[in-house]
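The next block holds one structure in the form of structure tokens; read it before the comments.
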Amino acid sequence: MARWQRVYWLRSLFFALVTSVNSLSLPQSENPAFPGTLICDKDEVRVEFSSRFDMEKWNPSLVDTFGNEISNCTYALDLEKFILKFPYETCTIKVIGGYQVNIRVQDTNADVSYKDDVHHFFCPAIQAEIHEVSEIVVCMEDLISFSFPQLFSRLADENQNVSEMGWIIKIGNGTRVHTLPLKDAIVQGFNLLIDSQKITLHVPANATGVAHYVQESSYLYTVQLKLLFSSPGQKITFSSQAICAPDLSVACNVTHMSLTIPEFPGKLKSVGFGQRNIPEDQWHANGIDKEATNGLRLHFRKSLLKTKPSEKCPFYQFYFSSLELTFNFQGDMLSTVIDPECHCESPVSIDELCTRDGFMDFEVYSHQTKPALNLESLLVGNSSCQPIFKVQSLGLARFHIPLNGCGTRQKFEGDKVIYENEIHALWENPPSNIIFRNSEFRMTVRCHYIRDSMLLRAHIKSHSSPVASVKPGPLALVLQTYPDISYQRPYRKNEYPLVRYLRQPIYMEVTVLNRNDPNIKLVLDDCWATTFEDPASVPQWQIIMDGCEYELDNYRTTFHAANSSAAHSGHYQRFDVKTFAFVSESRGLSSLIYFHCSALICNQASPLCSVTCPAPLRNKREASKEGTMTVSLPGPIILLSDDSSSKGVMNPDSYEITKDIASKTLGAVAALVGSAVIIGFICYLHKKRIVRFNS
């Protein structure tokens with residue numbers, strides 16, 4: 001039985017070797033006496049006969065296993081191209097793994113048929129492509145391991161023979177795909193392992209196609225993998241993606257662990273540790289803060305971390321066990337697991353040098369030990385010296401002790417004068433089931449002077465300071481819009497684009513920022529509107545020219561004085577724009593409008609501050625153009641016509657304009673009707689008078 005299984009497997013292997021990976025057409029030539037080639041297509045079988053074959057003499061037909069012609073088989077025979085086509089369902093016999101094809105080629109002139117006239121073929125069943133996604137990805141420093149389910153057990157029996165047969169590896173980085181046959185991939189360090197349970201592919205971290213991202217000392221790489229296997233009748237695609245962060249930069253201070261993630265196309269959505277998974281919008285509330293400049297930095301409060309004794313450190317070490325980072329990468333949610341840990345840290349921070357005025361400064365952090373220190377029990381030496389600052393909730397105590405007090409000792413080592421003391425503290429809430437070798441915390445603190453150091457006092461006589469050179473600084477102007485004429489609160493940047501309808505005025509203001517000088521004044525030069533964000537783009541609608549209403553505009557801009565309560569009213573320029581100004585017969589209504597203004601700052605006494613409207617000449621302020629500054633609205637304004645279906649509640653000012661126009665129109669119509677009645681009545685009297693005269 002095993003021998004026949006071996007023969008069947010070798011037969012399948014033969015088909016795999018002669019079949020193209022991407023083609024579904026399988027040429028069959030089992031019977032060399034057959035005068036043609038049989039091709040197994042996806043939907044039908046095609047037989048191509050030799051051009052020397054006499055189709056009329058040799059009549060090909062499809063028969064069953066007994067040699068009888070299949071009655072319901074409908075086939076197409078092209079005598080000119082020497083091609084025979086027929087479907088699988090009605091013209092073949094379905095067997096395990098495919099279809100049996102029996103073709104009889106018989107001389108039509110012969111009276112007797114022979115058994116050797118029937119030729120037998122086999123077409124494997126064409127199966128749909130199978131897609132498998134790996135859920136087991138293991139990141140290591142120098143390779144990534146992908147595991148996939150085993151779909152064909154016989155491959156495990158001949159792993160050495162089939163490992164390079166029909167396999168293609170594709171590695172992508174989002175923009176380019178690198179394709180390798182398995183035999184070439186193995187040479188480059190890839191490894192494919194197949195057993196009865198799974199298929200495992202090892203991809204080197206330095207393989208072509210793996211994308212690497214580095215920032216400072218942080219290192220991260222991403223892999224997009226496709227492993228393809230093709231054999232007659234089937235095509236299997238194993239796919240997976242991975243984000244690996246084998247070496248992220250970790251920095252720890254007294255209160256936080258900081259983790260640096262290089263900038264790459266993925267976006268971090270959540271972090272998980274222990275039994276917790278914390279989404280981005282809940283980080284701050286759970287003791288995690290982020291910085292999103294030049295990559296991403298996460299700051300974890302140390303209360304979230306675990307501690308462990310370490311042979312490398314004299315004190316306990318803070319760490320995360322299996323910190324899971326979940327990213328949105330290329331439309332998929334991918335996770336990577338890391339184990340960051342803080343370097344060895346001391347619960348006491350001390351300046352190496354003693355202070356110049358004869359003191360030793362150091363800080364004690366209660367949470368740098370396990371259990372934490374009880375700051376209330378802190379002692380320095382054998383004295384009662386207290387810290388100058390202590391907050392139990394922050395876990396911090398700061399000392400400033402004299403070198404000639406609090407039990408500080410002095411000694412000489414080489415060229416240094418060393419001052420040292422010892423601090424004592426009790427543990428805070430130690431667990432009852434743990435026996436401590438020491439009942440209290442003890443640590444020696446020290447600072448030093450260089451032995452030949454000498455404190456000098458000097459008086460340095462300096463020259464008088466130079467006179468400051470005064471020049472105007474850069475201007476800071478802003479252009480804003482307001483909901484109404486009260487100019488109470490401008491629209492914020494996130495409220496753009498704004499929506500306005502025809503007949504609604506747009507209230508604008510140009511303001512000087514960060515200037516308190518009452519002697520300066522803001523003067524508008526030009527204001528205009530464009531359909532693009534660029535102030536220099538065309539077309540343009542002029543709103544203000546040389547500080548005056550644009551004379552060619554049918555709907556003039558109206559200026560508004562700043563309130564008397566406003567500080568430095570000369571620092572403001574307020575006006576409203578009529579939306580009719582942006583409608584013309586040739587252009588129609590532009591739905592998206594950007595506004596821009598150029599302005600200058602001048603001294604109140606300067607002639608430049610005097611604006612006469614209408615401006616007599618365009619070159620009135622040409623000499624001052626270098627001092628102007630162009631500002632734009634934070635965003636565009638969408639203009640809608642009156643009949644827009646999206647129009648909501650009408651603005652009160654708009655309503656008044658509409659009501660005024662309607663009343664005037666109604667009055668005109670009434671006057672016209674009245675005139676017609678009067679003229680008709682006069683004509684009637686005149687006609688009646690003529691009739692009387694004739695009679």
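Heads up, the Cβ atoms here are built off N, Cα and C, so glycines get one too.
Of the listed cysteines Cys123, Cys139, Cys244, Swiss-Prot assigns the disulfide bond with Cys40 to Cys123. Looking at Cys597, Cys602, the record from Swiss-Prot puts Cys609 in a disulfide bond with Cys602. According to Swiss-Prot, the cysteine that forms a disulfide bond with Cys548, out of Cys447, Cys597, Cys613, is Cys613. Range 451-473 is the one annotated as region 'Disordered', of 336-358, 451-473, 566-588 (source: Swiss-Prot). Summary: among the disulfide-bonded residues (Cys91, Cys527, Cys602), the fewest other C-beta atoms within 10 A of the C-beta are counted at Cys602. Between the C-alpha atoms of Asn382 (N-linked glycosylation site) and Cys406 (disulfide bond), the distance comes to 7 Å. Asn563 (N-linked glycosylation site) falls within neither a helix nor a strand when secondary structure is assigned with DSSP, and so counts as coil.
If you take the C-beta of Asn72 (N-linked glycosylation site) and look for same-chain residues 6 or more apart in sequence within under 8 angstroms, you find Thr90. The DSSP secondary structure for Cys91 (disulfide bond) is helix.
Cβ crowding, taken as the number of other Cβ atoms within 10 Å, peaks at Asn173 among the glycosylation sites Asn173, Asn206, Asn382. Each residue contributes its Cα atom, and for Asn253 (N-linked glycosylation site) and Thr444 (O-linked glycosylation site) those atoms are 21 Å apart.
A straight line from the CA of Cys527 (disulfide bond) to the CA of Cys406 (disulfide bond) spans 73 Å. Listed in sequence order, the residues of the same chain lying 6 or more apart from Thr444 (O-linked glycosylation site) and placing their CB within less than 8 Å of its CB are Glu420, Asn421, Glu422.
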